[in-house]
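*Asks:* If you scroll down you'll find the structure; I have some questions about it.
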Amino acid sequence: MGLNLLPIEMDDIRKRLDREPNEIEWRVIDAVWSEHCSYKSSKIFLKSFSIDSPNVIMGIKDWQDAGAVDIGDGWAIVIKVESHNHPSAIDPFNGAATGVGGIIRDIISKGAKPIALMDMIRVGNLKIRKNVWLLKNIIAGIAAYGNSIGVPVVGGELSFDDTYNDNPLVDVAAIGIVRKDKIKPSIVDKAGLKLVLAGLTGIDGLGGASFASRKLSGEDEIGAVQIADPFAGKIILDVTLEIADKVEAIKDLGGGGLAVAVTEMANGLGAIVDIEKIPLRVKNMNPADVIISETQERMLYAVEEKNVEEVCKAFEEYEYPCSVIGEITSEPIIKFRYFGKDLVSLPTNALLEPPKFLWPIKNVRKNVEEKNVDLPLESTIYTVLSHPDLVSKEWVYSQFDYEVNTSTVVKPGDANGAVVSLPNGKLLAIKADGNPDLCSEDAYECGKGIVAEAYRNLATVGARGMVAVDHLQFGDPKKPEVYYTFVEAIRGIGEATRFFNIPIVGGKVSFYNENSQGKPIKPTPLIVMAGLVQGKLLKNRVEDSSYVVLLGYTRKELGGSLLSKIFKVPSQAPKVRLQEDLLSSEVVIDAINEEKITFAKDISRGGLAASLFNIIVHGYGVEISTKSILSDTDNVVENLFSESSGRFVILTNEPEWIVEKSRSKGIVASIIGKVNKKTSILTIDNTDYDLKTIVNNYFNFLEEVIGNG
């Protein structure tokens, strides 16, 4: 049957049913109990994320399709992150496009209007032509769907590593807006509701949930990839928002198709579905395939009988299929029948409660012997600053319509965080962060670090983080070293979110990100954080003769850094000191509101050198004295490329104010240099380094490699 269930799971369900499931029931169980849908290897740990916060309307403990947070004035934002990693490795265009479609439907399932998308893409070495092809088509897929459906892509991440040569990661996050008294659940609480399905069911995406719950085999898996139809998606979006007041619950048909959607929506009650009433894209489909098909652009609604006609009439105006396919029952049994014959009859609770797994762990935290870095400064600067991770992503953003709906306040790439306007007049900042290199060194510190980095990034535009979602992407959880990094990353994320009092209201776990030889990707947890601008918004600008202030203390912590990755420098991973991140962020927000700074950049990938380079690409030069850097090392390379957390580069005309404000908060700050008009020149301790070639690479790299690829 090609099932992905373990023998112990098959024995478990036999005991619960006291019989052997039939072949179709096995396929339903395989989908509902898949790692992708059930979180059977992770759910016990995810519960540690729950934070009771008065502004959380719908959080992780509610286990719904998206989280919702009160933002005041009767409004709420809805936030979700998802991925389409496996499909994008096989069919990058449709894999990425359907990822966008799926996340949008998760948002509208809450009755919310999507207002922003973010894409976080990780691919392999661009010297390999396949990776160029993958990236080009991933970007095209995201653009095709987002642009067609009218939701702006306002920011994201793009990075490169050999670990993703066979396993690209394609994450998409979405934000929606809704009146908080209009939020819709994805589950029901009473029987008698009619199940209404919008959309045609086809043979694409068969076994997609199971496909996403195992490693890529290298065999022909194209049938598990769904096909995107953004114009149908636009109809689903518009009509769902139109009829939201007429339905009791809304559920996107994603992984596992109707098998999962019906089971989860029933929420411990039961359901009867008549397969012959389901509108089909392909004639004479196998009933079992109909149940688990993951055809896109479909939604399931639980509707009072009196409202069914009005709901379907709204779809009929667009000539979009809509049909009553069943109903919610009080008997806790999920039934799929075909012309009156039961093909599936399984207890709801048995489906919703798969066996939970705690796999063995093996400590893989590295003990590294520190050595002094002995690298030539000039070539090190050129090599690190030329890395693809640090180049402009303008070519990517130019493929997206990021100004549709006119809610985008900060153009992608112009700041550390995206900013969109809300109906209540407030500004919402959004940022995504991950750090797989650090996670490879110390997953616990990485978990803390990505939360802290997202928090700092929001501070650079004047916002304070208030809510987050996470996406945890790892290899096979049954491998002790993989499961260890997963558990440690969760421990770090949980500690940091509790420290900042930021509730995680949802997320996703993606295991089995491995190639056909079983080699896992680097552990890649991701945080998407949102927060309201606290007063004034900072749009970075560079002015001649501005002072360069380094906020925070620099440490010889090069493990997991870009320098360490390129030059194989042995060093300890940075210890994330959350108090320093919090206090330095507060200084930045205060300085923005007092209009004391014109530019703020958190120090992360590439260290201080990369942050200074971010000033230079605005058409200026920068001169600094490394003797002014407050640090535990006098090694210039270590000071320039350390990725210690809790630090910012600030441009100001009142440097003493910044230093004094920092001192009052209990953190350090130092005036390390000035901006000048020596275009593309970085001056370090009175020595000039001409970065014209690096600046040219910064602006043109992606277009030359991908646009002409």
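In case you wondered, yes, glycine gets a Cβ from its N, Cα and C as well.
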*Asks:* Looking at substrate binding as recorded in Swiss-Prot, which candidate out of R105, R498 goes with S83, H84, N85, H86, Q226, E294, T295, Q296, S510?
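*Replies:* Only hit among R105, R498 in Swiss-Prot's substrate site, alongside S83, H84, N85, H86, Q226, E294, T295, Q296, S510: R105.
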*Asks:* Given that Swiss-Prot lists Y39, K80, D470 as binding ATP, which residue among G2, G124, G507 does it place in the same site?
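*Replies:* Swiss-Prot lists Y39, K80, D470 binding ATP, and from G2, G124, G507 it also lists G507.
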*Asks:* Which residues, same chain and not among Y39, K80, D470, G507, have a CB within 8 angstroms of the centroid of the CB atoms at the recorded ATP site?
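*Replies:* Other same-chain residues with Cβ inside the cutoff are L46, I60, V81, V469, H471, L472, I504, G506, K508, V509.
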*Asks:* Which has the fewest other Cβ atoms within 10 Å: Y39, D470, the binding-site residues listed?
*Replies:* Y39
*Asks:* Using Cβ-Cβ distances, find the residues under 8 Å from R105 (substrate binding site) that belong to the same chain and are at least 6 apart in sequence, listing them in sequence order.
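*Replies:* In sequence order, the residues whose Cβ lies under 8 Å from that of R105 (substrate binding site) (at least 6 apart) are G233, I236, L237, T240, D252, G254, E297, M299.
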*Asks:* Check D252 (Mg(2+) 2 binding site) against DSSP and tell me helix, strand or coil, would you?
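*Replies:* Once the DSSP labels are grouped into three classes, D252 (Mg(2+) 2 binding site) ends up as strand.
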*Asks:* What Cα-Cα separation, expressed in whole Å, is found between D106 (Mg(2+) 2 binding site) and K80 (ATP binding site)?
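*Replies:* So the alpha carbons of D106 (Mg(2+) 2 binding site) and K80 (ATP binding site) sit roughly 7 Å from each other.
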*Asks:* Identify, in sequence order, the residues in the chain of G507 (ATP binding site) that are 6 or more apart from it along the sequence and have a CB within less than 8 Å of its CB; answer 'none' if there are none.
*Replies:* L46, F49, I60, V81, V469, D470, H471, L472
*Asks:* Helix, strand or coil by DSSP: which one applies to R105 (substrate binding site)?
*Replies:* helix
